[in-house]
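S.K.: The following block contains the structure, expressed as structure tokens.
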Amino acid sequence: MAIPITVLDCDLLLYGRGHRTLDRFKLDDVTDEYLMSMYGFPRQFIYYLVELLGASLSRPTQRSRAISPETQILAALGFYTSGSFQTRMGDAIGISQASMSRCVANVTEALVERASQFIHFPADEASVQALKDEFYGLAGIPGVIGVVDCMHVAIKAPNAEDLSYVNRKGLHSLNCLMVCDIRGALMTVETSWPGSLQDCVVLQQSSLSSQFEAGMHKESWLLGDSSFFLRTWLMTPLHIPETPAEYRYNMAHSATHSVIEKTFRTLCSRFRCLDGSKGALQYSPEKSSHIILACCVLHNISLEHGMDVWSSPVTGPVEQPPEEEYEHMESLDLEADRIRQELMLTHFS
């Protein structure tokens, strides 16, 4: 069971009742446009988060000097969507940057605790078949239940000796493995992998790979790009297509794989703390991975609430940490080769 967390208003403790306190900020006192511009989400969505997370962010008995769950959530949303602890953000809700930092930490942990509630593969056969039908309707590849890829998020250097987080571009990052459906909803998110690991290694060592290898998603497969090895459950593009069927397969694969590329762009445009435009995440790898996961939870909740996340406006340049450059991964799995050949002959000849 989650342990309730209370954040004290340090500004009130320092300055007393004469200082602007959190009780004076009310959602009903500001416009919808203000909430969207400052915190990136509409009023009803914020109210839902207060209901969802309130018990984890406050004690059972109210204390006048505790920062309310509502204000903690606004502070966290402000950081996630802007990427910085701006003075104006804290001033808007009446707290210091130090208090904002504690609010972000608490809201992040509350969201991470609920990750499995919002990020998962469908459990029933009807939903799985609906996934396959949707992907088939997109580009004609049957049996697909998700698209997989990795996204790097820049973090500060943990320490001078630890090179495991240094990627091929010489930047410190986390390599985050994700799977999404055709709407961009995330079904798997693993955010703690060091940036030095190649995508294929991350997938090989992931719980996602263990699930498919154990046969948990029978008669289904994922689509991944050429940074991954071909598997019986993971279809990749051909390195050098030669026949018309192979060209058509690669084109269909590219069209389908673009769903997760679009999802990554959406995550980074909505949650600017991930895109590097305000610098790397200034936290330990563990805390950074939790922030990334919290943003992914919010992304999925947005979709559940009918928000059109793909049309969200980009307020500035989206600067993803440089992507890794990989050579094409040749298949070592003869059965996977056979399945892909049969797929091309049956559906793309």
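Positions of Cβ are set from backbone N, Cα and C atoms, glycine also.
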S.K.: Record says Asp149, Asp199, Asp225 bind divalent metal cation. Source is Swiss-Prot. Which of Glu109, Glu113, Glu261 does it list for that same site?
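M.R.: The candidate from Glu109, Glu113, Glu261 that Swiss-Prot ties to divalent metal cation along with Asp149, Asp199, Asp225 is Glu261.
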S.K.: Applying the rule Cβ within 8 Å of the centroid of the Cβ atoms of Asp149, Asp199, Asp225, Glu261, what extra residues of the same chain belong around the divalent metal cation site?
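M.R.: Other same-chain residues near the divalent metal cation site: Val148, Cys150, Gly224, Ser227, Phe228, His257, Ile260.
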S.K.: On a count of neighbouring CB atoms within 10 A, which of the binding-site residues Asp199, Asp225, Glu261 is highest?
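M.R.: Neighbour-count leader: Asp199.
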S.K.: Around Asp149 (divalent metal cation binding site), how many other C-beta atoms are within 10 angstroms of its C-beta?
M.R.: 24
